[in-house]
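Sharing the record's features from Swiss-Prot:
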{"type": "COMPBIAS", "residues": "272-281", "note": "compositional bias 'Basic and acidic residues'"}
{"type": "REGION", "residues": "257-296", "note": "region 'Disordered'"}
{"type": "REPEAT", "residues": "57-78", "note": "repeat 'LRR 1'"}
{"type": "REPEAT", "residues": "86-106", "note": "repeat 'LRR 2'"}
{"type": "REPEAT", "residues": "114-137", "note": "repeat 'LRR 3'"}
{"type": "REPEAT", "residues": "145-166", "note": "repeat 'LRR 4'"}
{"type": "REPEAT", "residues": "174-187", "note": "repeat 'LRR 5'"}
{"type": "REPEAT", "residues": "202-223", "note": "repeat 'LRR 6'"}
{"type": "REPEAT", "residues": "231-250", "note": "repeat 'LRR 7'"}
Amino acid sequence: MLPSSIQISGEPLSGAEVRDICRGLRDNAVRLLSLRGCRLCDRDFGRICRALAGATSLAQLNLNLGVVSSPSRIKQLAEALRTNRSIQSLFLHGSPLTDAGLALLNPALALHPALVALDLGDCMLGDEAINLICGLLPPDGAKSGLKELTLSANPGITPKGWSRLAIAVAHSSQVRVLNLDYNPLGDHVAGMLAVAVASSRTLEVLDLEGTGLTNQSAQTLLDMVENYPTALRSLVLAENSISPELQQQICDLLSEGEEEEEMAGGAADTQEWGRGREPAAHQRGGSSWKCPSDPNSQMVLMTSGLGDSLLAETEM
């Protein structure tokens, strides 16, 4: 039997449902497990963690929106991840991890051989967490390093922390998707990120929606896109104080670069973005940016789900 998906959202889990989930994990019949916003007792959470520890078919685990709600649950998840070898995408968006909680998880994350996509958006992280995350980016032996990283809505991270992340992305990472939306970055941090993008050989998607940018940083990003060949294909700048004209210019340049790649036969296969990642703001919908001068043209910038697309590549 081919592995299937279990997706439950915002519901209290009964004992019978937990037993079915654990049975599916133990039988290696589950490829995707999503329990976003579900309510369950500590005992049942522990049962699921013990089952996923030995699961060999599980590739995506979504525990967004407060499922990992206490230090004891963080420890149980860390213990499961130390044993598990199959999970490629881990979503913990909206979990009250804090720096201390990520420190508990980090050893398991750092040693996991398959993990390529990590969502730590809205997890109450600060600079100490950034220090740990930077260590997850570069390849290490058989590990490929993270290819998708989401850090949306973590306002406790300071410019010092963001500068450290920018250096890590530029220097040794394999990151293809970087979601930093709804953080108070400002123009100074955006300038450092522009340098990181110009240096990176892999970064394709950068989400800076609602990050306090102005025309100053937009001009820097425009210069970067115009003058330096990069892998960047999608740049999200919505909900910033940036003129429509500058947004249009950046949009046009990114579109031109993609067209040139396609004409040369070097464009990568279209990735299937948007599955698994939570909106950074509770009221927020899809992250898309329409080029201002053409209401019919749209550059779709849903910037998640890389783990799924990588799974598809593996299965082909």
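Cβ atoms here come from the backbone N, Cα and C positions, even for glycine.
Can you walk me through where each of these features ends up in the structure?
Cβ atoms under 8 Å from those of the repeat 'LRR 1' (57-78) belong to residues 3, 7, 10, 25, 28-38, 40, 42, 45-46, 49, 84, 86-97, 100-101, 104-105, 107-108, 114, 119, 276, 278, 307-308, 311 of the same chain, restricted to positions at least 6 beyond its ends.
Non-local neighbours of the repeat 'LRR 2' (86-106) in the same chain are 34, 36, 52, 55-69, 71, 74-75, 77-78, 112, 114-129, 132-133, 135-136, 148, 150, 152, 276-278, 306-308, 310-311; each lies 6+ residues outside the stretch with a CB under 8 Å from one of its CB atoms.
Residues 59, 64, 85-99, 101-103, 106, 144-154, 156-158, 160-162, 164-165, 167-169, 172-175, 177, 179, 276-278, 280, 304, 306-307, 310 of the same chain lie 6+ residues outside the repeat 'LRR 3' (114-137) yet bring a C-beta within less than 8 angstroms of a C-beta in it.
Long-range contacts of the repeat 'LRR 4' (145-166) within its own chain (CB-CB distance under 8 A, at least 6 residues past either end) are made by residues 89, 93, 115-127, 129-131, 133-134, 136-139, 172-186, 188-189, 192-193, 195-196, 202, 207, 277-278, 280-281, 304, 306-307, 310.
For the repeat 'LRR 5' (174-187), the DSSP counts in helix, strand and coil order read 2 helix, 3 strand, 9 coil.
Counting same-chain residues at least six beyond the ends of the repeat 'LRR 6' (202-223), those with a Cβ under 8 angstroms from any Cβ of the stretch are 147, 152, 169, 173-187, 189-191, 193-194, 196, 230-243, 246-247, 249-250, 253, 268, 271, 273, 280-281, 287, 301, 303.
For the repeat 'LRR 7' (231-250), the model's pLDDT averages out at 96.
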